[in-house]
Amino acid sequence: MCCSGEVYQVHVTTGDVLYAGTMNNVLIKLVGTDGESDQTLLYNKKGGFYQGSTCTYSVKCPVSLGKLVLIEVEKQKYSIFPEDDWFCSKIAVTTPDGDSVSFPCYPGLAGSCSLVGLGFESCLGSLVMDWRPVLRVSYALCCWVRLRLAVTLLGTSSFRLCVCVCVCVCWLAELKLKDFTECKQQWTKMEDIKRVFCTKRTEISAYVQEHWKEDAFFGYQFLNGVNPMVIKRCSKLPRNFPVTDDMVRPFLEPGTCLAAELQRGNIFLCDYKILEGLPTNAINQKQQYQAAPLCLLYKNAEDKLLPIAIQLNQQPGDLNPIFLPSDCEHDWLLAKMCVRSAEFCEHQLNSHLLRAHLLAEVFAMATLRTLPMVHPLYKLLIPHTRYTLQINHMARQVLISETGSFTQVWYNSNISARGLESVPNFYYRDDGLRLWNIINKFVQGIVCHYYSSDMEVQKDSELQSWIREIFVHGFLERSSSGIPQSFSKVEEVVKFVTMVIFTGSAQHAAVNSGQFDFGAWIPNNPFTMQRPLPTAKGNTSQNTILQTLPDINISVQGMSIFWVLSRTSSDFVRPVALGVYPEEYFTESVPCKLIKKMQRKLKGLSEEIKERNAELKLPYPYLCPEEVENSVAI
C-alpha cells in the first residue's frame, strides 16, 4: 500500500457482553462512492479485541474514497489460537476531512467469516431499495450465524443457566433451607410456614402474609396481582353457575339485589374453564388435584372488590356446592385457596409462558430470520429481543422439561373487552395504558420517519416477509389469531410494532416481577393441591388446609424459583430498563431525538408512579418504567 495519501481512522468497538472478544485477526475494507481501500489488517498491540473495548486503527488510501457508504469486515483464524466468536458492536470511521461516519454492526462473527455494514443516513428509499444486493449478501452471511450466536454467544445461555441454578442453591443455603429440599413431609403448623417464610421477605410479601385471608385482598389480587388477565365484568351469569339472589343478597349493599348489581356493572367473574380436564401428575408419589372454578365478585360502595360466590368445578351438582362468605371460616378459606391455585396455574401456563415468553420468542425469531441488520425495524426491535431466546431455551431445559422444576413443583387483554375501563384502583390498567401510549408515540415517530406513505409499506419486501414469518410459523396461518398476513398501511405497522415491544417489556414485567411478592407466602399461592377438592360443606379444618398445601420440600423449592424469576437478569450484563439502548443502533438525528423524547416521558412516568406508590398501603411497582426491562430477559 502507498505510504502517503489519505488516512482514515477506524474506531472498532467490541460489545460489552460476556465472551464478546476475540484473539483472531480482523481485516477491514472501506468502500466509498469514488473507490475502495485495500483489505487492511487491524493490528492491535494489546493482542486482541477485548470485551467492552474501543481501539483505533489507521487505514491508508492513495486517494480519497469519496463519501463512505459501506465497510467489509473479515475475521480469520490467527496462528495457534482457536477460532472463536466475536461480537462487534460498532465501527466508526473518521475521514481525512474530519467527518465521522458510524457503522452500527451488532452481528456475531462465528469462526472465519465476514460481514458487510452500511453507514450513511438511511431511509427506505435510498438504502433498502438501492442497496438491496449488498443487503442480500450481508443477510445471507449473517442470518444463521446470528441465530446461532443468539442462543450461544450473546446470551451465554449456559452461563445464565448456571447463574439461575446457583442463585436458587445459594439462596436455599443462605437461608438455611437446603435441608428442607429433601423433606417430603406435610406442613403440620402454620407457624412453621411463617418461620420459613420470614427468612426472606419483601415489603409486599409481608403484606400478603398479613392479609391473605381477607376477602378484600383476595379480590384486589385479580386487578393488581401477577395475573390481572382473567377478571371481567359480568352482565349475565353463566348457565353452569347457578348463583341465586338469596345466596348472595347478604353480601350486597342494603336495598339492592343481584339482578340490579349485574345491570349496574358491579358484578365481576373469574372463570377458569380453560383448566377443565387438565391432567395432573404425582409429586412425592402423591396424586395432585386441580380446580377449574368460577368465582363471582362484587364491587361495593367502598370500591372494594369482594368475592361473593365460588364454585370449584365447571359442572354444577350436589357434589359441587357453591361456597359463600357465610360458610364456616375454613370452608370459605379453602374455596378461595382453590381459586388461587387455579389462578396460579392459569397465570404460569397462559399469561406468563404463552402470552409473554413464547409470544416474544415468535417476534424475536422473525426479526432475526427476516430483517437485515440495517433495516429500521430491525434496529427498533432488536433491543427488545435481548435474551428472549436464551431464557426460553433455558426454561425448556430446566423448568418445563419432562424432569424440570416446573414439572416437579407444579402441574400443569383486553381491558375494554373485559369491561374494566372504569374499575377503580386498577393500577395495572392505569400504568399499562400510559406505558402503551408512550411506546406507541415513539414507534409512530420512528415508523413514520421511514415510511412516508402506505405505498412504501406495501413495497417493503423485508417488512412483509417479517409479518408473514410471524403469521405462518408463529401462528400456523390461523386467521382466527388476529395476526395480519401482511401490512398495507403505516398505522397497521405502528400498532403491531407497539404491541410487540409492549409484550416483551411491560406485559412481561406485569406478569413476572411480582411472583415472589404474591407467591412466597405459600397459602396465598398454593401451586399444587394435595387433597381432593371438597364436595360438601362442613368438613374442612385447619389440618385440612395444611394437608392441602404442597409438601415442605416442594414449598421451599417453589419459593426459591419465585425469588429467581422475580429478579432482573443477573449476569455480567447489567439489566437494561425500558427505553435505554446501550447499543447505538440508530445514528440518524431524527430517531435519536425520538429516543431521547421517549426517555424523558418514561422518566416522568416513573416519578409519578413512585409518588403514587408512596401514598398506597400496598404499592404497585411492576410497571414503573425504570423497573421494566426492555425484553423478556428472565
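Note: Cβ is positioned from N, Cα and C throughout, glycine not excepted.
Annotations in TrEMBL come from automatic prediction, not curation.
TrEMBL lists GLY21, ASN44, ASP84, ASP85 with the feature Ca(2+) binding site. Per TrEMBL, Fe cation binding site is recorded for HIS352, HIS357, HIS508, ILE634. Per TrEMBL, the feature domain 'PLAT' maps to 6-123. Sequence annotations record features per position, and here TrEMBL assigns domain 'Lipoxygenase' to 177-634.
The Cβ neighbour count for GLY21 (Ca(2+) binding site), using a 10 Å radius over every protein chain in view, is 19. In this structure the C-alpha atoms belonging to ASP84 (Ca(2+) binding site) and ILE634 (Fe cation binding site) are separated by 27 Å. Among the listed binding-site residues, namely ASP84, ASP85, the Cβ with the most fellow Cβ atoms inside 10 Å is that of ASP85. For HIS508 (Fe cation binding site) paired with GLY21 (Ca(2+) binding site), the C-alpha to C-alpha distance reads 31 Å.
Note: the Cα of HIS352 (Fe cation binding site) and the Cα of ASP85 (Ca(2+) binding site) are spaced 33 Å from each other. Counting other Cβ atoms within 10 Å of each Cβ, the lowest count among the binding-site residues HIS357, HIS508 belongs to HIS357. As a whole-number mean, the pLDDT of the domain 'PLAT' (6-123) in this prediction is 80. Distance from the CA of ILE634 (Fe cation binding site) to the CA of GLY21 (Ca(2+) binding site) is 24 Å. Looking at ILE634 (Fe cation binding site) and ASP85 (Ca(2+) binding site), their Cα atoms lie 24 Å from each other. Cβ proximity to the Fe cation site centre (mean Cβ of HIS352, HIS357, HIS508, ILE634, cutoff 8 Å) flags the following additional same-chain residues: LEU353, ALA356, ALA360, ILE391, VAL511, ASN512, LEU565, VAL632.
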